[in-house]
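Record features, source TrEMBL:
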- His15, Asp18, His150: Zn(2+) binding site (BINDING)
Amino acid sequence: MTLTAPPRLLLVHAHPDDESLWTGGTIARYAASGVHVTVVTCTLGEEGEIIPPALQQLAADAADQLGGYRVAELRAACTALGVTDHRFLGGIGRWRDSGMAGVAANDHPRAFANGSFDEQVAQLSEIIAAVKPQVVVTYDDFGGYGHPDHIQAHRITTAAAADVDRVFHAVTSRAATEAGVAALAEMADLPWRLPAEGELPVTDDAAITTTIDISDHLVAKLRALRAHSTQVSVWQDGTGGASYALSNGIAQPVVQAEYYVLAKGPAEGAETDLFGGLD
Ligand SMILES: [Zn+2]
C-alpha cells in the first residue's frame, strides 16, 4: 500500500454470516495489518434456516428470535476477524431479511429488498461520509447468488459509493472452487455431499481482477464461520483439510484466496491488494 491517509475498508453485507463467508479472510488480513475495517450489515438474517435442532424454535414462524440470536453470532465473528467497527444499516432492526425470492417474508413492511431505496442509500451514504473509506466491497449485480437482499445491497452500495476511490464485488473463483471441490473428494470423512457440477455460484477467472491471498488468515476465517453456527457448519480433519456447509448440506471448499471484480476505480496495482496503487 502506498496510501498517505490511513487506509479504510468498508464492506456492505446483506445478512450476518455473509461477511465471513464472502470476505472473512480479506477482513482478517486487512484488520491484522492495521487497516480500519468497517462492516455494515443490512439485516439481522431473521429468515435464515437453522441448522442445530436445539435452536429450531428461534425461527421466524416460531419464536421469531433468530435475528437477535444472530446479532450475537455476528459479534463473535467480528471479534474473530478483528473488526471493531460494525454497524447495521439504519440502526439495528431497521431492515428485515426478505427471504429468498417468492416467499411471504418479501412482503414484510420492513423487508430490506422492498424498502425505500432512497432511505437506504441515504443511510449508507451517511456511514460512508463518516468513515471515508478509500475502498468499498459489496456483491455483483446478481448479489453473488441471486438473493434479493444481496441484490439490494449491491444496488444501494453502487449508488452510495459514487465518490469512493475503488468499489469491488466479492465473487468466487471457478478454478479455485473446482480445485477445492476436487480436494474435498479425496477426503475420507467429509460429513456432507459434494456439490454437483454448477451447483455452487462461481465467476469465470478471466473476469476476476483481484486475488487476495488469505492463507495466513484461514484460522480466523474458520473461527468466524464457526461463530455463525445457526447457519454454517465447519468441518476440519486435523490434517489441514477443511470444509463448511450451509443448511443445504452441500460441502464447500475453504480456499486460500478471496476473489474480487473491480467495479469502479483504477485497475493499476489492484491485482493482489485492494488498496494497491492508491495514493
Ligand atoms: Zn446473505
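All positions are counted from 1 along the displayed chain.
Cβ coordinates are placed from backbone N, Cα and C, and glycine is handled just like the others.
It should be emphasised that the depicted structure is a prediction, and the values quoted were computed from it without experimental measurement.
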Neighbourhood of His15 (Zn(2+) binding site), C-beta criterion under 8 angstroms, separation at least six: Thr41, Cys42, Thr43, Leu44, Gly45, Gly48, Arg70, Asp97, Asp149
Additional residues surrounding Zn(2+), by Cβ distance to the His15, Asp18, His150 centre under 8 Å: His13, Ala14, Asp17, Trp22, Cys42, Thr43, Gly45, Tyr139, Gly143, Gly144, His147, Asp149, Ala153
